[in-house]
Amino acid sequence: MGDPEMASNQWIRDQELNPSNQRSEPSSSPPTQALPSPEHQVGFFSTLTFQWITSLLRVGMRRPLQVNDIWELESGSPRRVPAMKARLLTAIEARRRQPGRYPVIAMALHDTFAREFDIAGVLQLFAACLAILCPFTIRFLIEFVAKAWEARHDHGDKPPLEEGIGLVLGLSIMLLCQSLSLNHAKYRTMMVGAQARSVLTSVIFDKAIRLSGRAKAGGKSGASAAELPADVAPGSEEEKEHYKKQLESTAAATAAEDHTGWSNGKIVNLMSTDTARLEQVMGGFHLVWTTPVQILLALALLCVNVQYSAVVGFAFLCATMPMLGFATKSLVVRRKAVNIITDQRLGLLQEIFTAVRFLKFSAWETSFLGRVNSIRNLEMKGTRSILSTINSFTAGSYVTPIIASMLTFATYSASHPTPSPAAIFSSLALFNALRIPLNTAAPLIGFFATANQSLVRIQEFLDAEEIENSAIYVPDAAYSINVQDASFTWERTSARTEPSSEGPSQVPDKQVVQEESTDISEDEEGRRSASDDRGPFCLEHISLTLRRGELVAVIGSVGSGKSSLLAALAGEMRLANGHVFVGDNRTAYCQQVAWMQNATIRENITFGRDFDPMLYERVIEACALRMDFEALPFGDLTEIGEKGITLSGGQKQRLSIARAIYSDAEIVILDDPLSAVDAHVGGHIMNHAICGVLRSKTRLLATHQLHVLSQVDRVIWMREGTIHKIATYPELIENDTDFQELMGSTSMQERTVDQEKTPQSEIKSTGGEESQTVALMQDEERSLKRISWDVWISYFRASGSLLFIFTILGLIIALQCAMLASSIWLSYWTRDDWEISTSITMGVYAAMTIVQVPLVFAIAIAIAKCGMKASKQMHQSAVHRLLGAQISFFDTTPLGRIMNRFSKDVEVMDSGLVISMQMFLLAAAMVIGIYALTVAYYHWFGVVLIVLLVLFLLIARQYRSPARDIKRLEAVLRSVVVSRFSEALGGTTSIRAYQMERKFCERLDTSVDAMDAAYYLTIGSLHWLSIRLDVLGSISVLAIGILVVTSQFDIHPSVSGLVLAYMVTVMQMIPWIVVQFAEVENNMNATERIHHYGTQIEQEERQIAPREATRASWPERGEILFQQVQMRYRAELPLVLLDFTLHIRPGERIGIVGRTGAGKSSILTTLFRLAEYDGRICIDGVDISKIGLHDLRSKLTIIPQDPTLFQGSVRDNLDPYNQHSDDELWRALQQAGLVSSGGQKHAYPVQLDSVVAVDGQNFSLGQRQLVALARALVRNSRIIVCDEATSAVDFETDRQVTETIANLQDRTVLCIAHRLKTIIHYDRVLVMDAGRIAELDTPLNLYDREGGIFRSMCDTSNISRDEFRGSNTTMKNTEVDAITLVEKER
């Protein structure tokens, strides 16, 4: 509970956020550590009445509750997740051995929580029986009143008053017993539901970490080819026929299965939404089977009251059951369809928010907002049909008792023209008593249908194939890795579905094993299309042996399989055949795109292992991190952003290498770690880390930096998924002409083994750019006051016209008037002096009853329509505002927190809020009407009502503020769970590689326990309130009973019977109203959170003044002028650009270099206005601060370091707005080198309609970089920015990209590069250092400057003066602008 990440807002910050908070100043500060819950240490009475919660509620009245105020679960509590998980997993295994008709997970959950659940069932049955017996008891009370009335008017003997008082007291005690039983039954079932949700969250997470690549891709473990029968000869016709039949059977099975696989978004949806549905159903499960018991008991008692006439009403109730079953089946089908669309929406949103930087760079927000809205429209269409069915349930359950009572009384009137008030109103109370279980059970049946789908989904997920370590461990072997004729494969991309006529094409994810960037990094599947018919990328006939302590390099072109080989040896590719033997079972895997946690730098390096100061110091020295730490405000204790978003690429890669070294693994697999760092840092890492600290380890290094090959023991040369050659560097350089040509293409001289040690002073990272962070991840906002009127008004406005809201209220009032009028009319019928014929009386009663049916349906439809419209509008507003948010918001907000709002909170708004609001409004209106009727006849009851109202306000005052705090703290803690869950899903490869599965599971379980501690208190406080309100209800029944039996008012027994019947109904409805009110308020909390995103998120483009319109042809020349620009990423951070002044001429190509953190990327940030700045930036004479962001960014093009591809097609990624012809798109693909310029287009491996999986995972990193280049060519912008665009590709691809950009005429190019060869032919080179311009001149002039930074970088990379041939020796304009002569002396 004391985890800083989970700590909520401090008192001062809370007061600043909520200045209108009305509670008094805190008289005591929160405890420094959470105290254990006293629930199981208190006495019987305190447990019975939930009095043990009172002390916490009193604290909450005095001051806002903080995290440490929440009582934590006892250390040995069976409610803790580890204890529950152990019981559940045992139950699952036992049920799998004895499968039944129900899903294994459903029965295992029952076995896990059987005791609590069954006790709750007994209590629920007892309360259900009392709920029917109490209305029947009214019969005797009304008979007593009737006798007293007759005695009073006929001057007969009055019945003894003690009898009436005893009946009233007995009725009140029965109602109290019913309340206690019901509340404890609901408390136990809700607790079981909450515990089930928590333990399932943990189990799903455990499974997600172990999920195989085949399961993620949508395949099954049984899909592998069967072995050839022994009697079939290879190559024969029988063999062909055998495989043909097998293929046909496999295709038939495949067609019947859903091959979308288990994407991260789908797994998160499983954890957040599906488990919530199960919790909801488990909380009301016992109502489903106790309701028939109540109906049968009510039938028996009705037969006592009105004889066989009750059978007519009962027959009507039975007649509605088949309709209920039909609607339930319809719900199952509809919910399954909506689940698929919801998964697509969440997957797209996760993709958008993950790549939000690129969306802003490209001004693509509008296009992707349109995609989200299209999917959302489909989702709302399906949800609307589901709500229509559930509303039919609800409305039907409301009017069914009314119609049943009408039919019963109409039949009874035929044989009893003047019935007894006792029989009629006792029967009316019985029918009203059925309304509550029917109202509850009806939507529950709908929820059962959706929960059943959730159970099936969870069961399928838990049954999915797990990743297996196919390597055989051989202790004390002379080798570290021995691979014998092995073949490895990735999994096939999910098949693309056809585009829907009503929305965008739906492209299921390709789920490869590596989620964080799997990233088949720059290698993988050659240049193949995801839509072709060839199988997934494979490594074939791999045989190699890595000796202990050996350094082996892996080289090859883009798509040759380098990263796949490393992934295979790390256990991330499926072993198809052959054998893998390992001499050590401790492996560190450093991927090319590093995965970072939202934690401190030290925690990212130690990665769950004990802190060893001496080892840690050696690691940071070897990885050149010392200067980075010194530049950060809290050193290595500085928190970094999710996925390391606040670090530069070089910093992330060095942290990843540091993690690998710190793990002290015997086998270290490094996937091109030098690509993201400059030559100085790369040399330092090679000498001090890879060949230094790790020199005793077995190292496998994939690299494009061929100059390091002289330092390795052997070289593995990959080509088209196979090992082309394995040899030492001298053997290859002396005997292999292909290798000699390859080395010659690098234009670098061979580096000697005893390379010079790089001075530490040159490994300088000033922490410019994004590296300086202070308390990065912000606590989630948490309002301390009640749901504000602003939220309610916004919700009602989003739902449509306010006039429509008043229309709903008018319909509700009309419904209650019709209900009361029919009941009063019924009371007149039971009078002796009633002179209207029975037929007319029943006709009028029937008319008053039937008119309620369309009113109820109209109310249900109107509320559903308003709620759906509001949900759709607020969701759209939230997405729109988030896409316009400042980039710092995404730097400081975990993705899991954002996705929690768009999954659970939107789910609540879509259906939960609509249903709970409908239930509450109907129930509250009935109670108000009944109290009004009672006061109209018994005026003195008004005094009692005032006293009860005062007590109610006192109880509500003690409950609302602390309960609201607990609920909001629970929401904040739930976001922590979702954030940790989502974050770890993105790093499953690293977690498995470092064998940290247990640590991360324990970390999540701790978060879930913290969330549960608050959630359990929410449930307890709700029933604390319910019992106290039930006591007030019992007092009201006692008061009206005393007034009736003492005959203080000259009121006919028929009216007294009516009032008593309805008062008992009110007493039974109070718990129902409390639950529904709490549901409405809790669900409005979800609305408040969505409303916050839709209205409160600060926008990057503030509409303070009208923006100037730009010329349609702007920019015509591409001239850029920076004048005294200063920039910081957030207000609390230091400047990262200092007085930056630069003039870039039209069509000029500028190379930007500098060491990590020098401020290179900050120049691009200011140019695209991702952060506000001081100074002036002009493009072709237009001040970019005075034009709209879309106008600016749509005219610029960036080729980012990490190429971003979105799920969809190649066409969607090149031209999301459909502004270009196919010919233009093909031309761009050819210019980028992604397809050849000759041949037939249909034969190309990449087509415009080729499927692009999530994050482009079915393309190698090199291919994704070429797609990004093609995208830049399609935009045809005057200004092109390259942000280390070729750092992760081989030299041939680098040359191809460089030549393509160089051939662009009249384009201004800014290129950040680590590979100096990329920019040595540019017009000028800008050297950045500490946010300032250190050097600026032509490349050759800078090279000739002895002692300069650029010259030292060239020397480190062994670039000679001959390399500069063809570069400009002077600038295009001989005169040099004074602005460009800003240079810092070194």
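Including glycine, each Cβ sits where the backbone N, Cα and C put it.
Range 217-239 is the one annotated as region 'Disordered', of 217-239, 631-653, 1206-1228 (source: TrEMBL). Remote same-chain partners of the transmembrane segment (1055-1075), defined as residues 6 or more beyond its termini with a Cβ less than 8 Å from a stretch Cβ, comprise 131, 134-135, 138, 141-142, 145, 171, 175, 178-179, 182-183, 186, 421-422, 424-426, 428-429, 432-433, 435-436, 439-440, 823-824, 826-827, 830, 919-920, 923-924, 926-927, 930-931, 933-934, 937-938, 1022, 1025-1026, 1029-1030, 1032-1034, 1036-1037, 1040-1041, 1044. At the 8 Å Cβ threshold, with sequence separation of at least 6, the transmembrane segment (1031-1049) lacks contact with the transmembrane segment (908-931), having fewer than 3 such pairs. Outside the transmembrane segment (908-931), and at least 6 residues removed from its termini, the chain residues within Cβ reach (under 8 Å) are 380, 383, 386-387, 390-391, 394, 398, 439, 443, 808, 812-813, 815-817, 819-820, 856, 859-860, 863-864, 867-868, 870-871, 874-875, 945, 1062-1063, 1065-1066, 1069-1070, 1072-1073, 1076-1077, 1079-1080, 1083-1084, 1086-1087, 1090. A mean pLDDT of 82 is what the model gives for the domain 'ABC transporter' (1120-1355). Within the chain, the transmembrane segment (308-327) has long-range Cβ neighbours (under 8 A, six or more residues past its boundaries) at 295, 299, 302, 389, 392-393, 396, 400, 403-405, 407-409, 411-412, 415, 427, 431, 442, 445-446.
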